[in-house]
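The active site annotation in TrEMBL covers Asp235. Taken from TrEMBL, the feature domain 'Pectinesterase catalytic' covers 82-253. The signal peptide annotation in TrEMBL covers 1-24.
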Amino acid sequence: MAISRAALLCTLVLATGFFLTVSSQTVPTPEEDFDAWIARNQAKYEAQNSESTVLDTQTLPGGDFSVEATPSPPQEATCIRTVGKKGSGAKYTKVKAAIKSIPKGNSVRCVIRIAKGFYKEKIEIPKDKPYITIEGAGAGVTILSYGDTAEEAGSTSQSASFAVMSDYFVAKDLTFENSSPPPPGGAVGQQAVAFRIEGDKAQFYRVAFLGAQDTLYDKQGRHYFKDCYIQGSIDFVFGNGQSYYEVKTCQLHSLATLQSLRETLN
């Protein structure tokens, strides 16, 4: 069933939905007929029904988003990277280093598996590195965090803790966080983006986006969000993206108080 571009889901003004399957190593090709592409990939996703998890004991506010993820099945591709703390046996200790190791112009699905842990890094995936999957051990146990603000970084866009410029990005079972504290109402330059997406056809499964002002910057492109948790205060989901948020599985949690809203509007 085609999804209308005018659909407003999760009380967001980001419209249009689609599904993109990633279980195959075949790289999808761009299509002009967007509605047909939606319907075809939605049918494939529902048929595969491969997004399974095993519950963990830790939780995030508003729901259980700390599920212990079931690792993806082995892939035929050799493009797999592992990230973990020293002594974990992972090849890399920094997510940024694992991304850097992927060649420019990559044309196969590259999976970066990140072990449990807190990773304080400011990361950007460049436009010439498509088809990257970032896969954690659970949103409550794999956390990628940084603490920039627009004032410190030079702009709202550059304040992002994690930014993706490339196409066909996938994130699963982890948290993206901007650790800057919630600003007082009316504060200037305190926008603090946890995640910015500028590529096309990205997917997010069981991902938590934590921040205060301007948490999730869906700047442009067409994206799909399922079983996600988004926390912030003012404008904490914004941008010009044409994205589909599963209304039954995505949760929004506002940190804003009535007083802070009054201060912002006045």
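Backbone N, Cα and C atoms are what each Cβ position is placed from, and that goes for glycine too.
Mean model confidence for the domain 'Pectinesterase catalytic' (82-253) is a pLDDT of 92. Spatially close to the residue listed as 'active site' yet at least six residues away along the chain are Gln213, Asp214, judged by Cβ distances under 8 angstroms.
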